[in-house]
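Asker: Please find one structure pasted underneath; my questions will follow.
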């Protein structure tokens with residue numbers, strides 16, 4: 001028999017204090033029954049002798065302290081999971097919000113998850129073809145990776161995320177693919193965009209959605225990604241599926257975290273965010289991966305908006321320290337209509353080295369990738385210089401690099417949100433662009449690949465045509 | 001033994017009452033789930049315990065047990081090739097017990113008690129031994145000989161010692177102390193992690209730790225027994241630098257602590273190290289490695305303990321007279337764990353919420369490095385080099401952890417995101433980095449590699465400094481306003497950057513460069529500079545020099561294999577030849 005307490009002594013923001021409790025545990029689930037019979041959920045944040053601090057997941061308004069009762073459920077927060085949940089839409093707390101039938105859970109899982117033993121992990125190395133050159137060619141994604149999109153207000157991250165969800169595939173392995181989508185405090189329109197896109201492409205049947213909209217309680221956002229990841233773990237590690245988890249927008253999650261921290265009067269870290277935000281985020285992101293001997297994988301694409309486009313803001317900063325790279329969107333590119341506006345230089349995929357090369361993409365991939373990166377970096381530098389000093393002051397080599405940077409953006413990056421390029425197409429475009437340079441500039445590519453892949457046009461251009469080979 | 005009862009739980013912090021028999025820093029187990037914790041504060045009979053495992057569903061009323069011992073590591077044969085969590089529980093055994101996920105309260109021994117080791121004594125009955133003396137050896141694996149030392153506080157005359165097969169807990173020797181008591185010595189020792197292991201005397205470190213990384217060994221070398229830090233924003237390649245050093249450093253033992261970092265990174269090390277061959281021994285690199293993995297999602301309190309666990313293990317091998325390198329990735333995560341616990345204890349925060357004792361804790365940790373004369377009558381020498389990554393938020397080096405670290409360490413490898421974006425790896429910025437060992441180690445290089453080493457290094461560094469100054473001018477008035485001499489300087493520094501400093505960790509031939517090849521590469525590039533400068537002086541046009549075909553060969557200088565060092569000679573001769581031809585041609589025309 002679970003005891004009911006009528007001893008709520010304090011409600012401050014999302015926190016509630018219940019006195020004279022017995023046998024209450026840290027992290028235990030709590031149910032509050034208001035005077036009108038409505039049920040609200042919460043969780044024990046702190047237990048101090050006989051008084052418990054409870055964090056409410058839902059709004060606190062309308063709770064009359066004297067007349068409401070509290071029950072401690074003797075279990076942590078769980079999600080009932082089942083394969084029948086594919087194709088369904090749930091709210092941020094795991095209650096269905098579409099008109100579908102009730103789902104009988106196969107089992108209940110703790111939404112906090114358990115830590116994967118590093119020894120049990122399998123290193124992700126299967127190349128995922130997203131069909132987007134700036135990702136496949138330069139920031140290659142692999143199965144089991146966590147690769148966030150760093151966006152900012154007004155940038156098309158939802159289009160990019162939807163494009164990845166639509167186009168992502170692994171060479172030679174189809175089927176058994178699922179998407180888990182967590183909407184964390186995003187607007188109705190944004191959520192609807194994803195639902196429509198999944199519906200149009202037929203992906204909805206393979207998708208489980210957890211939706212917490214901007215007008216839903218902020219505090220619920222702390223549970224939403226955990227619900228989604230628990231679902232993903234069930235699908236991947238028990239049902240052998242390859243799961244792509246898209247979580248948008250992590251910035252809203254962090255703000256909810258800050259709200260709870262502030263209500264508890266914790267000593268804040270940078271910009272008011274709690275000092276444990278790194279650990280908290282790691283507990284989400286580290287739930288991606290691949291386990292030895294299990295077929296399924298979890299690949300995460302968290303999306304976050306950088307406040308003021310600032311990459312050093314704590315949210316993108318801590319995320320970047322945990323995730324295996326980042327895809328950064330850039331406002332200047334977006335304005336120039338270079339879509340998707342992926343800023344390839346600061347973007348990075350840490351796991352790409354094991355996912356590219358012979359047998360995975362193509363033998364020349366690594367070399368051309370490095371060459372494209374350094375050529376584009378040099379080209380951008382030259383462009384900046386010409387903006388200050390005028391084009392005429394550039395050396396011939398620099399002019400060539402500046403031209404390369406423009407061409408590269410136009411042909412390689414700007415492919416639009418609809419085009420799906422195979423990895424071979426992406427690599428060939430790369431070679432075509434590199435053929436602008438004389439061979440002596442292509443130091444990062446091995447001779448044998450130059451011979452095999454470099455289009456002929458380049459042989460005409462020799463050093464003599466660029467006699468003043470100089471650069472800054 | 002039951003000590004007290006839990007009264008309060010908040011995350012990893014548990015408060016228990018009735019703890020009057022407990023001491024501060026004692027290790028305890030909490031509740032019947034046996035979660036491991038450590039007492040970090042005592043007020044009256046109330047103890048604040050930091051718990052090293054998840055405390056979900058823990059509540060008041062649960063018991064706290066303890067044996068009155070501080071948090072310790074087990075030391076003995078079997079440490080190498082293992083992977084432990086932050087409190088030295090072997091992760092592979094945990095996996096056997098609890099599957100792919102780490103469950104709570106798994107009780108495992110740090111070292112295998114069943115395994116039988118072959119003990120070979122090197123002392124005999126009747127010998128007088130003191131604390132730290134080696135009494136025998138065990139072949140831990142094919143490359144490392146584990147030395148069994150007399151534990152702290154024991155000295156006397158050996159009464160019994162014999163060769164044979166023993167498990168860790170069996171007595172290998174009996175020592176009679178002065179007062180006549182007989183002490184059984186086993187191969188297993190315990191040591192409290194927060195206390196440095198004693199040694200006879202510290203020395204000034206004077207030999208370089210050769211890592212095979214050109215920018216490190218030649219420009220910013222670290223000494224064996226020294227300290228270094230690698231700060232940099234995310235994506236600048238901290239972890240790759242650490243992995244490279246762990247792979248190629250010319251030390252006997254490597255302890256790698258993954259402190260609050262990614263799970264997949266540890267998997268990478270676990271997959272890669274066994275397959276890599278140590279150039280020195282010809283055997284797998286894993287055989288000399290101990291891994292400690294407390295990934296970012298593992299309990300935060302254990303993260304705080306992990307670097308101490310690592311350094312205690314490292315000191316133990318140092319005491320055997322080995323050279324040991326400890327890599328910690330990353331010390332910022334450790335500091336954050338410290339901050340989190342400090343916040344929960346409601347201590348008065350210092351800068352950015354970090355506790356006021358951050359600096360002294362960091363100093364204590366780094367100071368456990370060094371070249372020492374170990375305890376024991378043979379006066380053997382062991383070194384412990386500590387290299388830690390720092391992850392400053394936003395790459396801002398003014399933050400407290402970086403600043404506190406810089407006050408202590410002698411070598412600073414500053415990673416630069418600009419270089420990383422241009423895929424210049426290792427992205428160690430040559431203008432901001434420094435090594436305080438530089439002058440003494442360059443002397444060593446001159447004596448042991450080539451007498452011209454320090455001169456070449458100095459010249460190259462000066463050129464790179466000059467490049468940054470010239471680039472400022474170019475940015476203001478354009479490239480053409482530079483004199484041909486200065487333009488040449490820019491070209492040579494570009495060559496230094498691209499052909500010498502850039503080093504690809506993922507290309508087999510480039511991943512490791514021995515010292516003599518490093519020197520040859522540098523020497524060849526600088527020789528081209530000297531020759532070109534002379535040619536310019538003789539009236540040759542810069543563009544003619546830059547168009548020489550030898551330049552392409554110079555651009556592929558990394559690809560010259562170590563086995564055929566004579567190729568450097570040939571390349572240098574070709575240079576002389578081609579430049580002489582230019583001069584001659586001009587002479588003919590004129």
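If you go along the chain as it appears here, the first residue is 1 and each next one adds 1.
Placement of Cβ uses the backbone N, Cα and C atoms for every residue, glycine included.
From TrEMBL, here are the annotated features:
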- B:6-66: domain 'ATPase F1/V1/A1 complex alpha/beta subunit N-terminal' (DOMAIN)
- B:108-194: domain 'ATPsynthase alpha/beta subunit barrel-sandwich' (DOMAIN)
- B:212-435: domain 'ATPase F1/V1/A1 complex alpha/beta subunit nucleotide-binding' (DOMAIN)
- B:232, B:233, B:234, B:235, B:236, B:237, B:238, B:239: ATP binding site (BINDING)
- B:444-542: domain 'ATP synthase A/B type C-terminal' (DOMAIN)
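Quick one: how deep are these features, and who are their neighbours?
Answerer: When DSSP labels each residue, the domain 'ATPsynthase alpha/beta subunit barrel-sandwich' (B:108-194) comes out as 0 helix, 42 strand, 45 coil, counted as helix, strand and coil in that order.
Along the domain 'ATPase F1/V1/A1 complex alpha/beta subunit nucleotide-binding' (B:212-435), the predicted structure has mean pLDDT 93.
Using a 10 Å Cβ-Cβ cutoff, residue B:238 (ATP binding site) registers 27 neighbours.
The DSSP breakdown of the domain 'ATP synthase A/B type C-terminal' (B:444-542) into helical (H, G, I), extended (E, B) and coil residues amounts to 79 helix, 0 strand, 20 coil.
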Asker: So which of B:6-66, B:108-194, B:444-542 has the most C-beta pairs under 8 Å when paired with the domain 'ATPase F1/V1/A1 complex alpha/beta subunit nucleotide-binding' (B:212-435)?
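Answerer: By the under-8 Å Cβ criterion, the domain 'ATPase F1/V1/A1 complex alpha/beta subunit nucleotide-binding' (B:212-435) pairs most with B:444-542.
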Asker: Which of these binding-site residues, B:232, B:236, B:237, B:238, are close to chain A by Cβ (under 8 Å)?
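Answerer: It is none; no candidate comes close enough.
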Asker: Select the most exposed residue of B:232, B:235, where exposure means the fewest other Cβ atoms within 10 Å, treating these as the binding-site residues.
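Answerer: Relative to the other binding-site residues in B:232, B:235, B:235 has the fewest Cβ atoms within 10 Å.
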Asker: With DSSP helix as H/G/I and strand as E/B, how many residues of the domain 'ATPase F1/V1/A1 complex alpha/beta subunit N-terminal' (B:6-66) fall in helix, strand and coil?
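Answerer: For the domain 'ATPase F1/V1/A1 complex alpha/beta subunit N-terminal' (B:6-66), the helix, strand and coil counts are 0 helix, 34 strand, 27 coil.
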Asker: Near residue B:237 (ATP binding site), which residues of its chain come within a Cβ-Cβ distance under 8 Å, counting only those 6 or more away in sequence?
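Answerer: Set apart from residue B:237 (ATP binding site) by at least 6 residues yet with Cβ under 8 Å, we have B:415, B:420, B:425, B:426, B:427.
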Asker: Including all protein chains displayed, how many Cβ atoms other than that of residue B:239 (ATP binding site) lie within 10 Å of its Cβ?
Answerer: 23
Asker: Which are the residues of the chain, B:232, B:233, B:234, B:235, B:236, B:237, B:238, B:239 excluded, whose CB is within 8 A of where the CB atoms of the ATP site average out, their centroid?
Answerer: B:391, B:415, B:417, B:420, B:427
Asker: Relative to the Cβ of residue B:233 (ATP binding site), which residues of the same chain, six or more apart in sequence, are found under 8 Å away?
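Answerer: Residue B:233 (ATP binding site) has long-range Cβ partners B:391, B:392, B:394, B:395, B:415, B:417.
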Asker: Would you mind checking how many other C-beta atoms are within 10 angstroms of the C-beta on residue B:236 (ATP binding site)?
Answerer: 27
Asker: May I ask which residues of the same chain, at least 6 positions away in sequence, place their Cβ under 8 angstroms from the Cβ of residue B:234 (ATP binding site)?
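Answerer: In sequence order, the residues whose Cβ lies under 8 Å from that of residue B:234 (ATP binding site) (at least 6 apart) are B:391, B:395.
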